[in-house]
């Protein structure tokens with residue numbers, strides 16, 4: 001009987017998986033990951049779907065598509081891609097690889113469209129997505145609250161000066177002819193007036209953006225993850241995240257190794273794979289040399305906002 005059961009199971013795994021795949025399109029999954037926080041389009045995900053074994057396809061075809069119970073809402077260039085990839089190792093986390101941008105760019109498509117993007121989950125599993133631009137989108141808090149007031153929110157934050165330079169570096173890699181970082185930083189360099197309309201600067205005023213979220217969500221419903229500690233102690237930060245999500249602490253030190261060439265931690269085994277996995281070559285770009293006087297002026301500019309952010313979150317991120 002045991003051999004007969006095993007034969008029927010493995011036979012069904014291939015055929016049933018094929019039927020499930022033909023009957024229900026797979027949700028978008030992550031393309032080869034880029035730099036933490038870097039956006040990847042839904043079109044890119046659909047163009048390069050993940051390969052799946054018949055047995056995994058068989059199981060993935062079951063379950064229900066649900067609206068996310070947890071969302072990584074920010075911030076760009078903070079480490080959101082790394083966090084999502086790390087979390088997807090957990091068997092009770094199912095996440096969309098691509099950034100849906102529902103609450104900022106696609107809200108008019110409706111919740112049914114949004115739900116259809118989600119992966120299927122079984123009872124006890126958590127559905128997640130990440131779109132870093134939500135944190136700085138004025139309408140996003142009200143829209144997410146309207147979907148579910150109980151949604152758990154995760155914000156990955158990083159030294160705002162380093163984050164701004166990383167943001168600029170990403171843009172520079174795509175548009176080599178853009179003005180210098182120094183010239184974009186100031187409205188008037190002679191007076192030292194910082195140009196807060198430049199998104200690279202504006203995103204890092206975390207306290208200002210958080211005020212908007214606290215109009216709709218209690219502070220205890222938002223977890224703030226340190227982008228720096230996500231590199232220096234990934235297991236420690238993932239422990240906090242798993243606790244926040246009500247998950248068993250399955251992701252531990254044994255899942256990571258530090259890649260000295262890239263300068264950040266990598267997974268010994270990625271989701272659905274037995275091979276080591278590092279974030280892609282667009283991660284960890286070398287930053288251009290920035291005038292240290294400009295860096296210091298930015299640190300002075302951000303300091304009061306950082307202090308307020310520490311008070312609001314009850315965490316000292318040590319950026320000063």
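Keep in mind that glycine also has a Cβ here, set from the backbone N, Cα and C atoms.
Annotated features, as they stand in TrEMBL:
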- 1-18: signal peptide (SIGNAL)
- 23-47: region 'Disordered' (REGION)
- 25-35: compositional bias 'Pro residues' (COMPBIAS)
- 68-303: domain 'Sulfotransferase' (DOMAIN)
- 77: active site, for sulfotransferase activity (ACT_SITE)
- 77, 78, 79, 80, 81, 158, 166, 283, 284, 285, 286, 287: 3'-phosphoadenylyl sulfate binding site (BINDING)
- 266-278: disulfide bond (DISULFID)
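Spatially, by CA atoms, the recorded positions 77, 79, 81, 166, 286 include one closest to residue 278 (disulfide bond), and that is 81. Around residue 77 (active site, for sulfotransferase activity), a 10 Å sphere centred on its CB holds 27 further CB atoms from the protein chains shown.
Between the CA atoms of residue 81 (3'-phosphoadenylyl sulfate binding site) and residue 266 (disulfide bond) there is a gap of 12 Å, rounded to the nearest whole number.
Each residue contributes its Cα atom, and for residue 79 (3'-phosphoadenylyl sulfate binding site) and residue 266 (disulfide bond) those atoms are 13 Å apart. Within the model, the domain 'Sulfotransferase' (68-303) shows a mean pLDDT value of 93, rounded to a whole number. Comparing local CB density within 10 A for the recorded positions 166, 266, 278, the maximum falls on 166. All chains included, 7 other C-beta atoms sit within 10 angstroms of the C-beta of residue 286 (3'-phosphoadenylyl sulfate binding site).
All protein chains considered, the CB of residue 81 (3'-phosphoadenylyl sulfate binding site) has 28 other CB atoms within 10 Å. Rounded to a whole value, the Cα-Cα separation of residue 266 (disulfide bond) and residue 77 (active site, for sulfotransferase activity) is 17 Å.
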